[in-house]
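Below is one structure, written out as structure tokens; comments come after it.
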Amino acid sequence: MEDQEALGFEHMGLDPRLLQAVTDLGWSRPTLIQEKAIPLALEGKDLLARARTGSGKTAAYAIPMLQSLLHKKATGPVMEQAVRGLVLVPTKELARQAQAMIQQLAAYCARDVRVANVSAAEDSASQRAVLMEKPDVVVGTPSRVLSHLQQNTLKLRDSLELLVVDEADLLFSFGFEDELKSLLCHLPRIYQAFLMSATFNEDVQTLKELVLHNPVTLKLQESQLPGPDQLQQFQVVCETEEDKFLLLYALLKLSLIRGKALLFVNTLERGYRLRLFLEQFSIPSCVLNGELPLRSRCHIISQFNQGLYDCVIATDAEILGPQVKGKRRGRGSKGNKASDPESGVARGIDFHHVSAVLNFDLPPTAEAYVHRAGRTARANNPGIVLTFVLPAEQPFLGKIEDLLSGEGEAPILLPYQFQMEEIESFRYRCRDAMRSVTKQAIREARLKEIKEELLHSEKLKTYFEDNPRDLQLLRHDLPLHPAVVKPHLGHVPDYLVPAALRGLVHPRKKRRKVPFSRKAKKVKAQNPLRDFKHRGKKPKPAAKPS
């Protein structure tokens, strides 16, 4: 069986409109999970599928769902319009991403298949209006879907045909166990179901018993991460916390890390400390903060994917899961007080063309490491993962490596050959910058950013809908400036650059401009001093000869 030629999309009996959409997306052949799952799903079987992050799981369930809907509408008797597909995801960002992927695949059959996302940050009245039109597929988090079911704005008992639970191993970690059990009471007795997951844990086994009926289990024989020819993984030992900041400064300021980078930390406070530290050296970055409005978070991801930012600082949403297992993380709980329990970044969110993942803080579990590393080296693109580790953390990192590589296999985390003495000349700069980033400065920065983002998200929502181009002018990496910024730190004199790197490195340039040609003209037109043009006095007409 393994020697047989791989099954292509054109051999799966798909609707021509779906094949055209797949072609437009540039997919020449299915991934392993798509090749195995789509034919089984088209046969009407329940699926429990495990595949690593970035392997194409969304399309693996979206394509058979759309194919089933199109086939029944084309060949069966005329059916009453109703919701026939339900996709449950753990976070609002994943809901937006799943909706976008389904809509891309349904680009040539948009009149026949409509998709609605009920997890968006909209008022319930507008969502009720959307649900009254009975879209074919509804995407949402369990809490939002259950809310609509209880209000009778969404009815599934007589119409649902296909249920998808995406990132199944995260649902219980996000506190959705009770909601999910209540939601299942509103579904019909018979329906086809898919459970898609990156890991098989106890939560997935519980979900399997609740949702699936005689499922086919797909455990793909693939590593959790791409091979070393595509993904390079390194560790660098930093003797002190100060060394971590010093090394990060050198890597970014001297452009030793090229392309877009994701910086992972373990807490939001660490994220803002890191951002304010980088700000001292004119290195722009954004913090993907669950306290911010959903529109702001999605806008940050969108602009990062467009290449507007090179650095985004993020935390693991699932790190909080085991600590609050079985109950929703409340707004009054310790930690990120106002954070959205349905916001998350480490799993599933699709960041485009990430060149490097830097684990500034050591991930707490092997699973968290896999989810972080899965943000790069996607879709056959190369990537690098660099993990900063303190001496006291090395035994724990060794355990993570053993779980990833298996017993008796070669280590996958290679030592990063970096001579720290070469960048000692930068240490006094980093020490000054770290001293400026106090706890008070971090609190002020978080408060300032939340206030600004709330203003952008709520007060200007209608304006941006009417003027979408102006939304491009909204930046998320502008300086917060609660710390005392010294302008000279943004410049790197040649004598400070290590001798081995002189002439080879290119210090990071200034903030990238918005790719909007009218911006300069618009700013100039709004400034009367810059817009003023002095033409001088007109010369007096020459006197007529008498």
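For all residues, glycine too, the Cβ spot is worked out from N, Cα and C.
Range annotated as motif 'DEAD box' by Swiss-Prot, chosen from 166-169, 398-401, 474-477, 526-529: 166-169. Range 7-35 is the one annotated as motif 'Q motif', of 7-35, 123-151, 442-470 (source: Swiss-Prot).
Taking the modified residues Ser126, Thr141 in turn and counting surrounding C-beta atoms within 10 angstroms, the largest count is reached at Thr141.
Ser126 (phosphoserine) carries a helical DSSP state (H, G or I). Taking only the Cα positions, the spacing between Thr141 (phosphothreonine) and Ser126 (phosphoserine) is 17 angstrom.
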